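Here is what TrEMBL records for this protein:
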- R211, R212, G213, K214, T331, S543: CoA binding site (BINDING)
- G407, E408, P409, D431, T432, W433, W434, Q435, T436, D520, R535, R546: ATP binding site (BINDING)
- 1-12: compositional bias 'Polar residues' (COMPBIAS)
- 48-101: domain 'Acetyl-coenzyme A synthetase N-terminal' (DOMAIN)
- 108-498: domain 'AMP-dependent synthetase/ligase' (DOMAIN)
- 551-634: domain 'AMP-binding enzyme C-terminal' (DOMAIN)
- K634: N6-acetyllysine (MOD_RES)
- 1-26: region 'Disordered' (REGION)
Amino acid sequence: MTEQPAAPTSTGDAVVPPGSPGLENLLTEERRFPPSPEFAAQANATPDAYAWANADRPGFWADQARELVSWSTPFTQTLDWSDAPFVRWFADGRLNAAYNAVDRHVEAGHGDRVALHFEGEGGDTRTLTYADLQREVSKAANAFAALGVGTGDRVAIYLPLIPEAVITMLACARIGAPHSVVFGGFSAEALSSRILDAEATLVVTADGGFRRGKPSALKPAVDEALAKGAPSVSHVMVVRRTGQPVDWTDGRDVWWHEAVDAASATHAPVDVEAEHPLFILYTSGTTGKPKGIFHTTGGYLTQAAYTHLNVFDLKPETDVYWCTADVGWITGHTYVVYGPLLNGATQVIYEGTPDTPHRGRWWEIVQKYGVTILYTAPTAIRTCMKWGAEIPEQFDLSSLRVLGSVGEPINPEAWMWYRRVIGGDRTPIVDTWWQTETGAIMISPLPGVTETKPGSAQVPLPGIAADVVDDDAQPVPNGGGGYLVLTEPWPSMLRGIWGDPDRYKDTYWSRFRNIYFAGDGAKKDDDGDIWLLGRVDDVMNVSGHRLSTTEIESALVSHPWVAEAAVVGATDETTGQAVVAFVILRGDVAEGHAADAATVQETLRTHVAKEIGPIAKPRQILVVAELPKTRSGKIMRRLLRDVAEHRQVGDATTLADSSVMDLIAQGLATPAAASQD
Ligand code: WT7
């Protein structure tokens, strides 16, 4: 199935993606923040990198690959784009990702440096040095190998954010077994489809994790997923985290503390080719089926290390870095695991939520560890804004020197608040645009180099070619808007969709010829700087997480009460977008439950949580009698979005039956339909 974007609406020369009202005003933003001379003087990044990279893009990346990554067999070939859109970087080189992330730092005499400061939600802590990590990763690699996991086999990981998550990913990399991390908030159903698609042989999980002060079970979801049938899985390894009781399948289930603790602490990392798959990570597309984005080793590691070093200005000896993402997302892969560890950083990982046990928890952690670099999402910043500046103001945040933002466009007010309240008006802010598919940061200011603008990701990094184009792939002039594209291959580019090369070509490379279509709308300002405007396809962005409208619609119609469903992402002050669903109930059900919309809401929200995961739960479910459709039967989500955002409904002349919108608007006003959490 192809994934062509819905045509965005046009205002003059600007393409305005649906769901981004107000962002149009961004270009009137005139505040500028030049780097301070003190910061610039010590910055890793230098202005000449752009010209250097422009002069010879592959050569620039080859230099980074040699400098930042250790190769067991050095590469002689840099870029092979002859089979576009399938790319190969550094293809004749060989290396191991775990060796690069861990062992070489120990060999260089940094074994005593802290790699991970782990902070559990309940306040329990663990500190792992690089030497500790080398030992733990080696043991886990030996234990996995003893269970029959070999190079090339896939391992599914379903864990809370505890050190074992990082250790497991690195242990997989050490034996050349691609990992497929499934976010712990995903349902058994979602886990099952990912295990099946990747044909994982081992699943690594925990009894549970801590969420909002309570143990939250994980193992039952694995049992349920495997009960649906998973012929490839031979073992489940279980970390004891919460101590809650678990069902046990003898012969299949293995305790981590038995298998790993008993394993040998020496393990020789397996050399793999640069293009050996390092991991698969599933992400939502515009169709119901998640895409298994896969990344390979050499190019991915190169760009992960380069961007982490330059975008965050990392000084491994002195910085304490903290990225708040879970390893279930790409941000956690590249900027919790591979980027920081490749660069020998000391970092914090925190299991819990920002408000457990109190709303100052994050700032308490910054103060406690002296965090210098913080990387988080706009939704978190807006939540803290809502809680009030007086909370962070109770803590000493003076250690912070670089702040990062990722996941969705950051509105200028949140940017300013972040800089002023968290950064004490002194820290550079880097708004980093990238995707699961790009593997690493693509567009971002460079601290110490770029004069920043609140709300803009601004410039492609050295070695990256991005542009904003119109429907005919022509670059728009400054001041114009269109689609964000990437015009040259980059090292950490996705290598494909697992098992589905056609979908890879269709999704990213068919909209424009030999140009990567990102799915985002963007504008160029008068300086040519890039402002991201949100998705132009049926993908929503809720709290920086990608959700597919189609996937949630499928989940809704899989419930026996639902005849038809349409889902839109409505602008939400805190989460960026929120899921709003319109459902038509089956006749018999509609009769029986007409008086009890609250039950319908709750039942369907729970059902979506069960099918996909709590993150996909609609904020609001509206029961309607009709959905607005074109004469050809396509649901007009644009109109539903107007309703969901309480706007005057737009042009409805192409509707098969335009009275439908009146019915929906009236339905909105009835108390039964408007209830929500
Ligand atoms: C989509 C990718 C990359 C890690 C987190 C999300 C949106 C991401 C920004 C930003 C504006 C952004 C885009 C993109 N996005 N960062 N700085 N400014 N939009 O990864 O789940 O693959 O989602 O997130 O829409 O396409 P993902």
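Backbone N, Cα and C define each Cβ position, glycine as well.
Shown here: features listed in TrEMBL, placed on the structure.
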{"residue": "R211", "record": "CoA binding site", "Cβ contacts under 8 Å, 6 or more apart": "E121, G352, T353"}
{"residue": "R212", "record": "CoA binding site", "Cβ contacts under 8 Å, 6 or more apart": "G352, T353, T356"}
{"residue": "G213", "record": "CoA binding site", "Cβ contacts under 8 Å, 6 or more apart": "E121, G122, T356, P357"}
{"residue": "G407", "record": "ATP binding site", "Cβ contacts under 8 Å, 6 or more apart": "T331, A377, P378, T379, N541, S543, G544, H545"}
{"residue": "T432", "record": "ATP binding site", "Cβ contacts under 8 Å, 6 or more apart": "V311, Y375, G404, S405, V406, I441, I443, S444, A457"}
{"residue": "W434", "record": "ATP binding site", "Cβ contacts under 8 Å, 6 or more apart": "I330, V406, A440, I441, M442, I443"}
{"residue": "T436", "record": "ATP binding site", "Cβ contacts under 8 Å, 6 or more apart": "L281, T283, I293, W329, I330, L494, R546"}
{"residue": "K634", "record": "N6-acetyllysine", "Cβ contacts under 8 Å, 6 or more apart": "none"}
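W434 are the recorded positions among R211, R212, W434, S543, K634 whose C-beta comes within less than 6 Å of an atom of ligand 1, given in sequence order. Annotated pair K214 (CoA binding site) and P409 (ATP binding site), C-alpha to C-alpha distance, rounded: 32 Å. DSSP states for the domain 'AMP-binding enzyme C-terminal' (551-634), grouped as helix (H, G, I), strand (E, B) and coil, give 32 helix, 27 strand, 25 coil.
Residues of the domain 'Acetyl-coenzyme A synthetase N-terminal' (48-101) grouped by DSSP class, helix first, strand second and coil last, total 25 helix, 7 strand, 22 coil. Fewest other C-beta atoms within 10 Å: among the binding-site residues K214, R535, that description fits K214. Per-site Cβ counts within 10 Å over the binding-site residues T331, S543 peak at T331. Secondary structure at K214 (CoA binding site), as computed by DSSP, is strand. The average pLDDT computed over the domain 'AMP-binding enzyme C-terminal' (551-634) stands at 88. Spanning the listed CoA site, residues R211, R212, G213, K214, T331, S543 have a farthest Cα to Cα distance of 26 Å. Of all residue pairs in the ATP-binding list (G407, E408, P409, D431, T432, W433, W434, Q435, T436, D520, R535, R546), the one with the greatest Cα separation is 18 Å apart.
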